[in-house]
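*Asks:* Annotation source Swiss-Prot lists ATP binding site at 92, 93, 94, 95, 96, 97, 98, 99, citing sequence analysis. The compositional bias 'Polar residues' annotation in Swiss-Prot covers 13-26. The feature domain 'Helicase ATP-binding' is assigned by Swiss-Prot to 79-249. The domain 'Helicase C-terminal' annotation in Swiss-Prot covers 260-421 and rests on sequence analysis. Taken from Swiss-Prot, the feature region 'Disordered' covers 1-26. What Swiss-Prot records for 48-76 is motif 'Q motif'. Annotation comment: Swiss-Prot describes 197-200 as motif 'DEAD box'.
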């Protein structure tokens, strides 16, 4: 959190004085952004494994239990500076792993001896706030912490009761959070971190005044972390007014991952016919290594059982499994002793296998951002790959959305697909 001099450390005895906005220390940043549309990264350090982040053992256990294998690009860059206490601006799209980035960082910085809100997370919508709460609770599963979602549309009395119990992490929407701080129900005396997720969305929804008011009610020493897909003028103003010498991290969208990957679809009239379609595909092509994605853990288990019953050798992996079990499966898959892996989206980003020649979306992903994480497996390291999507009548709209979003074309699978893999 910034003081008038912008870059100086704040003396301890000022830690409870409310925030005063700075002068426009970021005019150079603003000019640079206006010419490029992107912030300029000023931090290059990369930590490429969760083990190397020096996380608390119970937090590390939660990270692996949640299903993460290795950190995504933003997690490799942003977790360490946030943990060290720097103000951080991260420009990143959804689907890059940013929720886990600030959740892990916030959990690491919690003091177990202090009861009360130490991390406050703002989100533009109730749904996103609830989603973030679930991630924080899941990753913090072994840490004995509580996380409360403070959102509009719920009973104020219940909110007040939950906040009175002193949850260590509070995630909410600007209106309700501001109301609770003003009522002194949400106490900020112990607050260490203020995290704004999807800042561009929040400001475009007209929350600017409430966000500025919240800043005024926080201790001067509060660390500020801001995440935004775009950096319009109103977001830049927040960064220049309220942040002190921030670390700036730009994570570009992974556009290159679709290059060199042939994308096809097979029209499947009914959901029940997908299994036979997959069996036929097995007969047609010689698979070096393939990953098959389903949308639920239950579907992964069901498909594994069905294929095993038909004498196909497959491995399955999802977040319900113990980490040790998942490690064994990944080791077998990487070494090539297991050739077909059936998995959920949760693990899409952790599967880094060079030999994967084929990705099959048994289910199209529920959101278009996950498409690139699934398909990206096939074309990593400059290798060619093939992606085949099973598409029912209900999926056509999502497939068109994916094509539009990535400016790509998914064509009907040709008869000679075996020659392409």
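In case you wondered, yes, glycine gets a Cβ from its N, Cα and C as well.
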*Asks:* Of these binding-site residues, 93, 98, which scores lowest on Cβ atoms within 10 Å?
*Replies:* 93
*Asks:* Specify the count of other C-beta atoms within 10 Å of the C-beta of residue 99 (ATP binding site).
*Replies:* 20
*Asks:* Per DSSP, what is the residue count of the motif 'Q motif' (48-76) in each of helix, strand and coil?
*Replies:* 17 helix, 0 strand, 12 coil
